[in-house]
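J.: Here it is: the structure, laid out below.
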Amino acid sequence: MSSSQFFGVSLHNDQVNLVTFSFGLYTGWSSTVAPILQNATVTPLDHGQVLTANSISWACSWGMLSAILGTFFWGMLADNCGRKTTGFLTMLPYLVSWVILLVFKTETALMVSRFLGGLGASGAAINCPMYVGEVSETSMKAGLGSLFILMYNIGVLYVYVFGVMVSYDFLNVACLAISVLFMVVWCYVPESPIFLIQKNRMDEARRSLMWFRGKDNDKEVSEEIDSLMRHSDQTTKATLADYKKRGTVKALLIGLVFQAGTQFSGINIILMYTVDIFQKSGSTMSPHSCTILVGVVQVIGSAIASCTVHRAGRKFFLMATYAITALALITIGSCFYANKVDSTINTGMLPVLSLSVHVIAFSLGLGMVPYIIYTEVFPANVRNICMSMLMFFNNVLGFVIIKAYPSMSDALHISGYFWLFGAVCLAVVPFTYLFVPETKDKAYDDIRRELLLWFPDRRHNNKAAEVAKAEKAAAVDQVDGGGGNVVVVEASEMKVCMGKDQSCFTTPQQARDNVKK
């Protein structure tokens, strides 16, 4: 692919990732606003109302509760109404939430606003990576997938800077402007070609691919569409049997561990309580200056990740960044502990350096690579529901961790809380090494074979092939209830479904329909 094509597709995906940018705004907003809401002299709420630490924890965690609710319908909405319609609906809660904050200045309105923003956050986490994965060419998936975390981090930095420089109301106006901008540019983005193929809207799918590929050559686009249709998981609706396959179950287990690792990395605590963390760490630097510095470092780290993620294996990035994140969390916890033992101890730049290392590691690996892996290990027809399951678990765990932050900080001390985070991240390293297959530069069939083994190892490829063969035989029996009306013949690059009259089709459903005729 030429550099001009890469730039063009990247620009289109930046438009898509404006919803992810809004996700970053939503996450970072509480960090800059919380100190204001707890200060009686500068609070923007009516009648000088001041929020307690418990109220702040609810303001941070309400979004996780609504995100849990969102996981029940965003995936189904994307499957039934399309990725583009879902994108519009994902931004709508953000837009309404910023308007509420501008119009109403009460604690109740603030909580409602945060609840609505969480709905948008869960939609962004489910729909955006899926859309980008479906419109990207195979060679570009990793690089374009990394834009998710880059745009998210730029959104966090955006709200950090505006939170320091402007008033409360103008900060909310600046956030609202991003939602309006997304609504405008999203009108010009086409629907996902894979969704259109699933709905048998082939002419629209062809036009969509031509738009994303920047090609006028209809022959090349037709060849890509044919390639997509050769794999039945791109064009047929999933059944319960698809979710029970060993490869899908293992991919889901891997996703659950990675989502737990994401939450126990403490990233939401760090982004939502950045100013408070620096105030308690014993550093003499300005908390707001430290916050902006961390935001800048985070953006730089994710920008580096976007340029390098396709050069090294997924497992290497994950193991290295989980180990570095664990070390950073343990160091931060030690700073808190030192300040607890002797409040006169000056930890200097150590908290800033540790948090900077943390956010760089998060941006390079555990905050980005799992979402790239999800697009590679889940078949297209089960991806929506599986992603919704992962986001449900992620949001439940995130709510517990964020809501428990004030009370657990008192019970374990904040140092113990961060040490706990570090221990969990450290435990994910051997799990990744033992259980996670390498997906970089591998065809889907190869990844699928490795997923059939609990301990993927090249020496056991023959065993994986045998398991795949057995699973394929079972799948043939399930195509038409074991009646023998449809036969599936699968080669390395295509799948042909033969009907009873020996006519060939690209999907089992087409073959069944022919039998009925």
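The backbone N, Cα and C atoms fix where each Cβ goes, glycine too.
As annotated in TrEMBL:
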| type | residues | note |
| --- | --- | --- |
| DOMAIN | 16-440 | domain 'Major facilitator superfamily (MFS) profile' |
| TRANSMEM | 55-74 | transmembrane segment |
| TRANSMEM | 86-104 | transmembrane segment |
| TRANSMEM | 144-164 | transmembrane segment |
| TRANSMEM | 170-189 | transmembrane segment |
| TRANSMEM | 251-273 | transmembrane segment |
| TRANSMEM | 285-304 | transmembrane segment |
| TRANSMEM | 316-339 | transmembrane segment |
| TRANSMEM | 351-373 | transmembrane segment |
| TRANSMEM | 385-405 | transmembrane segment |
| TRANSMEM | 417-436 | transmembrane segment |
J.: Could you please provide the mean pLDDT value for the domain 'Major facilitator superfamily (MFS) profile' (16-440)?
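T.: It averages 83.
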J.: Pairs 6 or more apart in sequence, C-beta under 8 angstroms, 3 or more of them: is that satisfied by the transmembrane segment (351-373) and the transmembrane segment (385-405)?
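T.: Contact between the transmembrane segment (385-405) and the transmembrane segment (351-373): absent, because fewer than 3 Cβ pairs are under 8 Å.
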J.: May I ask whether the transmembrane segment (170-189) has at least three C-beta pairs under 8 Å with the transmembrane segment (86-104), counting pairs 6 or more apart in sequence?
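T.: By the criterion, they touch.
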J.: Which stretch, 170-189, 251-273, 417-436, tops the Cβ pairs under 8 Å count with the transmembrane segment (385-405)?
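T.: Stretch with maximum Cβ contacts: 251-273.
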J.: Have the transmembrane segment (316-339) and the transmembrane segment (170-189) got at least three CB pairs under 8 Å, pairs 6 or more apart in sequence?
T.: no
